[in-house]
Every structure is written in C-alpha cells, then in structure tokens.
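What TrEMBL records for this protein:
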type	residues	note
TRANSMEM	C:6-26	transmembrane segment
TRANSMEM	C:33-53	transmembrane segment
TRANSMEM	C:59-82	transmembrane segment
TRANSMEM	C:89-107	transmembrane segment
TRANSMEM	C:141-158	transmembrane segment
TRANSMEM	C:188-210	transmembrane segment
TRANSMEM	C:216-234	transmembrane segment
TRANSMEM	C:241-260	transmembrane segment
TRANSMEM	C:266-283	transmembrane segment
Amino acid sequence: MRIELVRRPQHSVLFSALSPLIALALTLVAGAILFALMGKPPLHGLYVYFVEPLTEVWSLHELMVKAAPLILIAAGLALCFRSNNWNIGAEGQFIAGAIAGSILPVMFPDFQSWAVLPLMLLMGMAGGAAYAGIPAFLKVRFNTNEILTSLMLVYVAQYFLDWIVRGPWRNPQGYNFPETRQFNDSAILPEIWSASGRAHWGIVLALVAAVVLWFVLSRTMKGFEVRVLGASPRAGRFAGFSAGKMTFFVFLVSGACAGLAGIAEVSGAIGQLRPSISPGYGFTAIIVAFLGRLNPLGIVAAGFVLALSYLGGEAAQVAIGISEKSARIFQGMILFFVLASDTLIHYRIRLIFSPKAKPAQEKS
Amino acid sequence: MSVTATDQPLLDVRRVTKTFGNLVACDAIDLVIKRGEIHALLGENGAGKSTFVKMLFGSLQPVAGEIFWKGRKVNISSPAVARGLGIGMVFQHFSLFDSLTAAENIALSLDKKIPLQDIAVRARDLGEAYGLPLDPDALVGDLSVGERQRIEIIRCLLQEPDLIILDEPTSVLTPQEADRLFVTLERLRAEGKSILYISHRLDEVKRLCDRATVLRHGKVAGDCDPRKETPASLARMMVGNDIKIARRDVATGGKGEARPLLEIRGLSQPPRGPFSTALHDISLTVYAGEIVGIAGVSGNGQGEFFESVSGEMRQDRADTIRIGGVAAGRAGISRRRGLGAAFVPEERLGHGAVPELPLTDNLLLSRYATDGGAFLRGGPLKILARHRLQSAVGSIVKAMDVRKSGENPDASALSGGNLQKFIIGRELARKPAVLVVNQPTWGVDAGAAAYVRQALIDLARDGSAVLVISQDLDELMEICDRIAVMNQGALSKTLPSAEVTLEKIGLMMGGADKAA
Amino acid sequence: MEMTQAILLTVATAATPLLIAAMGELVVERSGVLNLGVEGMMVMGAVTAFVVAQMTGSAWLGMVAAILAGAAFSLLFGFLTLTLVTNQVASGLALTILGLGVSAMIGESYVGLPGIRMEPIHIPGLSQLPLVGQFLFGQDPIFYLSILLTVGVSWFLFRTRAGLTLRAIGDNPGSAHALGAHVVRIRYLAVLFGGACAGLAGAQLSLVYVPQWVENMTAGRGWIALALVVFASWRPWRVLAGAYLFGAVTIGQLHAQALGLGLPSQFLSALPYLATILVLVLISRNRRSTMINTPASLGKPFVPDR
C-alpha cells in the first residue's frame with residue numbers, strides 16, 4: 001500500500017476545523033490500545049484519565065491552575081510560530097520570569113503594599129522578555145539558529161534557578177531546604193474562589209492574553225505582518241516589513257507571556273521559589289499551540305485539554321496503577337496526531353493498494 | 001539497416017492522457033517522431049507541452065494511452081527506464097545541483113558505473129567535439145545560464161540517446177548562443193539522431209524543424225510541416241484565434257520637455273549571496289510618458305537590479321535613485337511607494353503575492369503604506385477594514401478581468417495569468433507615477449499577456465514612467481520606446497526601439513558593445 | 001602520565017555519544033531533512049539498551065536493541081515528514097517530547113538499578129603502550145564504532161555514487177526526482193540511519209558513560225549534537241573535531257568542579273550549553289559560508305508529482 005498526496009487548490013476550511021478533533025479522537029484510540037496492552041481495561045482507563053477529573057469541583061480548580069500557564073505560554077508561541085520564528089525555550093523564559101518576578105518578595109519581604117503584586121507581574125514579564133531577547137538578538141545580529149540557542153538557554157536557566165534557591169536566596173529560616181522564603185500575602189496572586197479550590201487569577205490573565213493576542217493576530221496590521229512574514233519572507237520584504245524587527249517582536253511578546261506565566265505560577269500556585277517550578281509547561285505549551293492550530297482562541301480550548309492530561313496522569317496513577325508519566329506519552333501522541341491531521345488541510349490523501357498497477361501498464 | 005526499419009517511426013505515442021485532480025493536462029495526445037528528424041512541439045504556456053514530455057521521460061506517468069518505441073510497446077516508469085531506452089532530455093528549468101561540480105552533475109544522470117575522473121575526461125572531449133566547452137570541476141552554482149545548459153546537453157549526449165528532448169532551450173540564450181545551439185542540433189540530426197524540440201517561438205521552429213505538432217489546451221490542435229506554414233497560421237493553431245496585439249500610439253513628444261520620473265545614477269552593488277550577481281555602475285533615466293525596456297538573458301542581474309530599484313535592497317547613497325526628483329537611495333520600499341512608485345516582481349507566488357493568503361490580504365500587501373487611511377481604521381491600533389479591502393479587490397477584478405472562483409480565494413488558487421492581472425491591477429489602481437515591472441508576462445497565457453501589455457501602454461500614455469524588464473525581445477520591441485540590455489550586472493546605453501534589430505540586441509546581450 | 005591518559009579516555013567517552021548522534025544527523029541533513037528529534041531517539045536508545053541489557057545480561061544485545069529502537073522511533077518522524085509532509089521542526093519536537101515521555105515510563109522501575117557495563121577491549125601489548133596505548137587500543141567497542149562511522153560516512157558521502165545522490169537530493173530534490181532518484185525512499189533511509197545512530201549514542205550513555213538509567217539522562221546531548229552538525233558545516237571530520245572539543249569542555253568542567261575553583265557547580269554545569277551557544281554564534285555569523293554549506297533544501301518538504 002502506498003499513500004499519495006494530492007494538493008488541494010485551496011486549503012480546506014472543513015479540515016482546518018476538524019483536524020484537532022480528528023487528532024484527539026486518534027489519541028483516545030491509541031490510548032485505549034495502550035491501556036489494553038498494559039492489561040488495564042481501556043474504557044475505564046480513558047474514563048479515569050479524561051472524564052473523572054471533570055466531575056469534581058476541586059479538580060476543576062486544579063484544571064484551571066494547570067491550564068493557565070499552558071494557555072499563556074502557548075498564545076505567545078502562536079505568534080512566534082506563525083511568523084516562522086522557532087522559540088522552543090519558553091521553559092527557560094518561564095523560569096526567568098519567575099525569578100525576576102520573585103525579586104521583590106524574596107529580597108524585600110518588608111515591602112508590603114497593593115503595588116507589590118502588579119510590580120511582580122511586570123517584572124516577571126520583563127524577565128521573560130529579556131531572556132527571550134537573547135536568542136532573538138543572536139538570530140538577528142549573527143544569524144544564529146534560534147531553535148538551538150533558545151533551547152540551550154533552558155538548561156542555563158534551570159541551573160541558575162537551582163543555584164539561586166540553594167545559594168543566595170535560600171530561606172534563612174528554612175532548615176537548609178533548597179527553597180526561598182514563603183511569599184507574604186501581598187505578593188500572592190489571590191485565589192478566585194478560595195472556598196472551593198486553588199484556582200487563582202492566573203487563568204484570568206491567560207484568557208485576557210489569549211483574547212488580546214487573537215485580536216492582534218487576526219484583526220490588526222501587526223498580525224497581518226506576522227502572517228505575511230511567516231508564510232513568505234520574501235513577500236514580506238516586498239511589503240516593506242522587517243524580518244529582524246518581527247523576530248524581536250514575537251520573541252519579546254512570547255517571552256513576556258512565558259515570564260508572566262512563570263511569576264503567576266510561583267505567586268499563585270506555589271508561594272515560593274523552588275529548584276523545580278514547572279512540570280515542563282514550556283514544552284507542553286508547544287503542543288498546546290499546535291493543537292490550537294496556532295490560533296489563540298483555539299489555544300484556550302487546547303490548553304484545557306492538555307491540562308486535563310496532567311490531572312488524568314495523576315488520577316490514573318492512583319486509580320489504576322499506571323505511572324503518571326503516561327501523561328507525557330499522551331501529550332506526545334496528541335502532537336503527532338495533530339501534525340498528521342493537519343496534512344488533510346492542504347492535501348487529499350489517496351491510498352493506493354497495489355504498488356505495481358501503474359495506469360500506463362494497463363493492457364488494452 | 002533495412003528499409004522497413006528506417007520507415008518505422010522511432011517513437012509513436014497514441015492517445016496519451018494525463019490528469020491532475022480535475023485538470024486534464026494532456027488529453028489523448030498522438031505524436032509520431034521519425035528517425036533523423038527534428039520534430040517541434042509547439043504550444044502556448046500551459047498547453048501541456050511540459051507535462052507531455054515529462055511522460056516521455058518517465059518523470060510523470062500517464063493515466064491512459066500507449067507509447068511505442070522502435071515498434072515495441074513500452075512502459076516508461078522512470079527516467080532511468082527512459083535513459084535505458086535511449087531517450088535523453090534537456091530541461092527548461094535546469095535540473096542541476098548548485099552545490100555540486102559539473103562532473104558530479106553529469107555523473108548523477110549516468111546509470112553506468114563510471115568513475116568520476118573518467119566522466120570528467122569524456123565530458124570535456126564530447127564538449128569539444130560539439131562546440132560546447134566545459135570545465136568539469138567548476139561548481140555549477142558559479143556558472144552562467146548558458147554554461148549550465150551546456151552541462152545539460154553534454155549530460156544528455158553522454159548517454160548516446162536516439163531521441164533528445166529539448167524543452168524551450170533558447171529561452172535562456174542570447175540569439176548568438178541560440179545560433180550555435182542550432183548548429184549543434186543540425187549536426188546531431190545529420191548523425192541520424194531524432195530531436196523533439198519544444199518551443200513557442202515560431203521563427204525558430206520554421207527555421208529548424210522538419211515537422212511540428214501543435215498543442216492547445218492539452219489537445220493536439222494540428223500536425224504540419226512548419227516550413228510550409230506562415231507564422232500567422234502557426235500562431236492561429238497555437239492560440240485558436242487571432243490574438244489582439246497591443247498597439248501604442250507612436251512616441252509622444254520629445255524627451256526635452258518631459259519630466260524625468262525615475263533616475264538611476266551609478267548604481268553598483270556587491271553580490272548579496274554566493275550565487276547572486278553584482279551590479280556595476282548602472283545609470284538610466286525614465287521620463288514621464290515613456291516605456292523603457294531592459295532586455296537580457298535572465299540571471300544577468302535583473303533580479304538584483306529590480307530589488308535595488310524597489311528598495312528591497314537599499315543603497316548607501318541617497319542620490320543613486322531619484323523618484324519624482326526626490327533622492328530615495330536610502331529609502332525602503334514603503335517610502336519609495338510613497339513617492340509614487342509601484343513595483344511588480346518576477347515571481348508572483350512568494351514575492352509579489354503570498355500564496356496562502358486571500359486576495360484581500362494580498363491587496364493590502366503592497367498598499368497598506370500608501371493607502372493606510374483607506375484600508376486601516378482604529379488609529380494606532382491599525383485594524384484591517386475588511387469590507388473596504390473586499391470592495392477594492394472587487395474593482396480590481398473588474399478592471400483587469402481577473403477570473404477567479406469564490407469571493408476571496410487564496411492567491412495560490414488563481415491561474416498564473418489571472419494572478420498577474422490581479423497584481424498589476426493592484427498597482428495600477430494607485431495610478432503610480434513610476435511603475436517597474438520584472439517579466440510582466442512570464443508564464444502567462446497569450447490573452448492575459450496582451451491585456452497586461454495594453455495596461456502598461458495605457459499607463460504610460462497617461463503620463464507615467466514605465467520600466468519593463470523582460471527576456472522576451474518581441475514583447476519589448478512591441479511596447480517600448482527605448483531598450484537597453486543587461487549583461488553580467490551592467491547595463492548598456494538605451495536605443496530607440498525603432499533602431500533596434502534582433503542582431504544588435506543579441507550582440508549587446510553577449511556583451512559585445514562594451515568592446516566597441 | 002597516568003593523569004593525561006585518564007583525561008584522554010574520559011574526553012573520548014564524553015565525546016563519543018555526541019559524535020555518533022551528530023554523524024547520524026549529518027547524513028539526515030545532507031539529504032535535506034531536519035530531524036530535531038535526536039534527543040528523543042537518543043533517550044529511547046539509552047532506555048532500551050539499559051532494559052534489554054538487564055533482561056538478557058548482555059550489553060551487546062542491549063546495544064543492538066538500542067540501534068533498532070532508535071531506527072524504529074525515527075520511522076515515526078519519517079512517516080510524518082516524508083509521507084505526510086508535515087512541518088519538520090514541529091515533527092522533530094514531537095519526537096523528542098514523545099521519546100522523553102515513553103523512556104521515562106519504560107525506565108521507571110529501573111531507576112537506581114546497577115547497570116551492565118560494556119567492557120573495554122584490551123589488545124594485549126598495544127594497550128599497555130605509554131600515553132596513547134589505552135586511548136587507541138583499550139577502549140569500549142562503541143568508541144571504535146564511532147571512529148569507523150566517521151570514516152564510513154565520509155567515504156560514503158564523497159566517494160560513492162549513492163552518497164552523491166544523497167547530496168544531490170539535499171541540494172535540490174525536485175531535480176533529483178526529475179533525474180529518477182527516489183527522493184522519498186532515500187530520505188527514509190537517511191532518517192533511519194540517523195535514528196540508528198542516535199539509538200547507538202543513547203546506548204553508549206547507559207552502557208558505557210554511566211551504566212545506569214536516569215530519567216532524561218541525555219540531558220540535552222541530542223541538541224548539542226544538532227548544534228555540532230551546524231558547527232561542522234556538514235562535514236564528517238569536523239564533526240569529529242567538534243565532538244572532542246565538546247567532550248573536553250564537559251570533562252574540563254567536571255574536573256573544575258572536583259577541584260572546587262570556588263565557582264558554584266551549577267555555573268560549571270551550565271558551561272557546555274553556553275559553549276554551544278558561543279560556538280553557534282561564531283560559526284553562523286559568516287552568512288556567506290553558512291549559505292554555501294547548508295544543504296539547500298534543508299527542512300523544506302518535498303512532494304513528488306506523479
């Protein structure tokens with residue numbers, strides 16, 4: 001059997017909408033097969049993974065806690081990827097934002113005011129943006145591949161965080177645990193409805209950011225510039241757009257989003273800095289961005305789906321004894337299937353069953 | 001050789017058909033090639049010539065029909081099979097590899113296991129025998145278009161084919177180079193080899209070919225002896241009806257009182273990349289109301305020149321380029337547009353338009369800077385005014401007779417001719433004082449080409465300055481007041497069209513005028 | 001003397017996985033395909049080698065299994081990018097994410113177990129030569145494989161017709177197709193080869209370098225291998241030089257940590273990554289040479305018309 005692609009004259013609107021759904025359906029099927037292979041009842045496994053977490057209020061809160069950073073980071077990445085700039089170091093920018101945003105509550109714990117929180121958020125954004133500015137600068141100035149540099153900087157950021165929480169920022173009253181002091185109340189991003197769960201205002205920030213970026217991308221001149229330069233750099237130059245400025249713009253915006261996600265996570269969900277503050281949000285957000293078809297509104301939905309996979313992993317470990325690491329397999333599979341399904345948008349797929357039967361060979 | 005063997009056609013193609021999706025590119029084509037003849041395959045761009053020969057060479061597979069080679073039915077499933085049979089091909093867009101040497105390029109198409117060193121020697125010998133000198137160790141990326149074609153031909157001859165297919169071979173050559181090619185081809189015919197010669201140039205076909213098959217819209221429109229036809233009758237077969245030839249009123253007024261709208265002074269530029277051409281001290285003035293043409297074989301710096309004039313590449317000195325009298329050498333393309341200039345690049349998809357974006361977006365592409373007020377609202381937010389963009393697209397479509405399906409299709413969904421009409425219409429709608437066009441009718445069907453040429457003439461008549469870069473000499477002589485030739489990044493002096501002959505231009509293309 | 005010898009050996013051990021993975025990726029990229037999944041394939045190789053060696057008691061079987069696992073895993077990438085012509089960057093990332101996830105899950109119950117080491121080969125007499133004896137004649141089999149691989153890839157690319165075809169495809173797949181080269185098939189083979197190399201590189205990590213399994217034990221080496229290919233301008237012998245340079249940096253910072261130079265260990269640990277960035281900057285700032293050396297079709301999808 002052979003697979004042949006036939007290019008569509010015009011991209012298919014139908015499959016643009018359907019492709020994420022097809023990808024999710026394929027992921028569920030593959031997941032069921034995986035459960036069966038591990039000797040677990042497949043349907044029950046899927047139920048535990050993807051339905052049960054939605055049936056309880058506290059876990060809906062958890063869902064929002066996990067979705068917030070994913071949506072925030074992915075919305076920024078959508079801008080990058082649309083403009084053909086490959087920032088895959090969002091994990092590092094997340095950490096840089098968390099560290100920069102934590103300067104006030106860690107170094108100046110006595111400064112307590114309503115202004116602390118907004119300042120922290122701004123500093124988080126600035127930290128993430130500045131860190132993302134490094135690969136952007138290297139790309140524009142020295143033509144250096146941004147994929148590799150942004151990724152290398154993730155490791156650097158992780159080591160830096162490790163050093164700072166074990167060294168200069170370690171909690172003096174913390175019995176030598178590698179963590180900073182607990183943030184005081186004025187530095188904590190409040191919970192939305194604390195009576196029922198942990199969800200904090202980070203999710204609201206994420207939704208606002210997604211809507212704003214959606215508007216920019218689809219309705220304004222700046223978004224037009226992003227789309228043109230991403231689809232065809234030469235046409236972009238013909239239009240008079242600067243690819244270099246665009247690289248800076250999208251890296252700074254996505255870095256700021258990741259930085260904001262970082263400080264929101266630390267201030268809203270953790271309450272202090274630790275050596276490890278992210279279960280790979282920066283990388284999972286890449287999947288979110290693609291599952292959301294690089295559209296910030298689609299990313300909101302995709303962010304909840306991927307957040308669910310984290311919760312499902314935890315639930316599955318408790319309920320059916322499957323490692324929570326299975327969540328990462330689900331996440332990887334989703335990305336695979338979404339990329340494969342996207343092919344349908346631009347191509348018709350034909351299956352050709354007998355490789356030998358070429359039309360020219362037909363005997364008359 | 002017995003009489004029957006000689007009479008038997010070398011190649012006999014019966015009712016060969018090829019479809020791409022819903023498009024029938026070749027519809028039941030019949031073609032017979034005898035031994036020792038040069039057989040022309042005539043047709044407009046898009047008539048199905050290239051698709052047809054790709055099937056003969058095995059790069060494409062027909063969906064129906066039969067091919068007989070030396071009387072035997074064959075299935076040409078791949079180029080290797082074609083070469084095994086004795087069919088060789090010289091492509092129009094060279095299938096060469098820039099980062100490999102000439103010898104390596106030749107080795108790639110030879111199926112036999114010959115060491116690279118031997119290939120180099122044989123290629124050099126063969127090249128000398130046929131008047132095609134060649135350096136086997138040169139990187140192809142550094143060679144001129146003519147030299148590249150030589151590699152293609154030698155590569156083909158090394159396989160000792162019985163049939164040689166040449167796809168539009170002269171489209172990249174100067175007239176003198178073309179003459180030399182014809183000598184080589186006639187020598188090959190004298191040796192008993194057959195040649196399938198694909199072209200849309202009637203004079204060449206009349207001069208060189210023994211038979212001609214004419215394709216139109218994927219079907220055989222006729223089969224004839226070209227020496228017994230007139231160019232007009234051949235053209236009718238190709239096009240189906242008499243095409244309207246663009247007419248222009250004879251030169252309007254002397255240049256004395258006309259205003260210079262585009263002035264280029266001493267434009268020089270180092271090569272931008274490893275395989276690009278440097279520009280050398282180019283000076284040219286285009287006055288209001290005239291069309292100036294730049295002829296030349298492609299790859300001589302036309303692309304670089306266009307990007308320098310448009311502002312995609314900026315100059316170091318402001319007074320290198322003046323638009324409407326204002327020094328603009330250091331200005332970017334948006335500023336130059338603001339001064340009244342408009343630009344139409346050679347590549348439509350991916351340069352003049354974004355294939356994946358709809359026409360409204362592609363309208364905005366070159367107009368946002370000059371018509372921001374009309375197409376953007378919300379002040380600093382710069383929100384796209386979709387309805388106004390849509391209605392502006394509508395009026396371009398109407399003015400230029402653009403055929404499209406749907407309200408606002410992607411640029412890639414339009415045919416080459418229709419997209420070109422849209423792009424030119426997009427610029428004309430601004431009524432630019434200066435228009436610079438690179439290859440205005442390249443790959444465009446005859447109807448659209450005539451439409452485009454007429455539009456350029458009309459624009460000049462209304463008082464704009466028009467600069468046309470084209471490989472098509474007939475086109476330039478039809479519409480231009482003055483013509484200059486670009487050769488290796490340098491520009492000749494301009495000649496009034498009336499004084500231009502093909503021979504003169506050819507000499508200038510070869511760089512002969514510089515010696516004089 | 002002993003010290004020099006020991007340092008040479010450790011540098012070779014640190015350089016070998018980079019060399020092997022980068023050599024595989026070099027062939028892939030020469031065919032015009034950018035596979036960013038090296039990290040994922042490598043970590044799959046590492047976990048497979050470790051687990052199979054545990055189950056069979058044979059490091060050799062572990063190594064063979066790792067090669068097969070890397071190749072099999074690369075097929076996923078091949079199917080996406082070559083058959084379904086998806087975006088190569090995104091597909092490579094998917095492969096890395098999936099590989100890290102799958103390996104973490106497979107290896108979960110093996111964390112902390114003592115591993116099975118692949119023993120060095122000792123050639124009596126020669127390996128006792130002073131200074132270089134052990135370096136040249138007393139190393140583990142994968143070291144020798146890495147050197148053979150370098151020689152082999154260099155010979156294949158520049159001395160064989162198949163290698164010429166592969167380079168031609170990387171330069172211009174459309175023309176290669178027109179000449180009758182099987183572009184997609186050859187790219188599949190290149191991707192498989194890259195996967196097998198990454199798998200072998202992973203096996204070296206869990207059988208030779210540190211014979212144990214730790215989650216994410218590749219620690220970015222797959223990415224460094226990708227950077228090495230750029231650094232080497234797509235030339236095999238320069239990959240060898242680059243890999244040993246990086247091996248030296250890695251070992252150097254380990255020694256510096258041991259000596260306690262007063263610098264925080266985290267800064268030294270971050271050094272290889274910073275060095276990678278620095279090297280990339282130095283090599284890519286010359287746009288012209290980058291343009292000449294980069295395979296022209298790198299990362300661009302190809303759909304043959306039939």
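The first residue you see is number 1, and the count goes up from there.
Just so it is clear, glycine is given a Cβ too, placed from its N, Cα and C backbone atoms.
Long-range contacts of the transmembrane segment (C:33-53) within its own chain (CB-CB distance under 8 A, at least 6 residues past either end) are made by residues 17, 21, 24-25, 59, 61-63, 65-70, 73-74, 77, 81-82, 88-89, 91-100, 102-103, 106-107, 110, 115-116, 187, 190-191, 194-195, 198-203, 205-207, 212-213, 216-218, 220-223, 225-226, 298-299. Contacts between the transmembrane segment (C:216-234) and the transmembrane segment (C:141-158): absent, as fewer than 3 C-beta pairs lie under 8 angstroms at sequence separation of six or more.
Within its own chain, the transmembrane segment (C:59-82) is flanked in space by residues 33, 35, 37, 40-42, 44-46, 48-53, 88, 91-92, 94-95, 98-99, 116-119, 141-142, 184, 187-188, 191-200, 202-203, 206-207, 301, which lie at least six positions past its ends and keep a Cβ under 8 Å from the stretch. Sequence-distant neighbours of the transmembrane segment (C:241-260) (same chain, 6+ residues past either end, Cβ-Cβ under 8 Å): 7, 10-16, 18-19, 22, 224, 228, 231-232, 268-269, 271-272, 275-276, 279.
Long-range contacts of the transmembrane segment (C:141-158) within the same chain: residues 12-13, 16, 19-20, 23, 26-27, 30, 63, 118, 121, 166-167, 197, 200, 203-204, 207-208, 236-237, 239-240, each at least 6 residues beyond the stretch ends and with a Cβ under 8 Å from a Cβ of the stretch.
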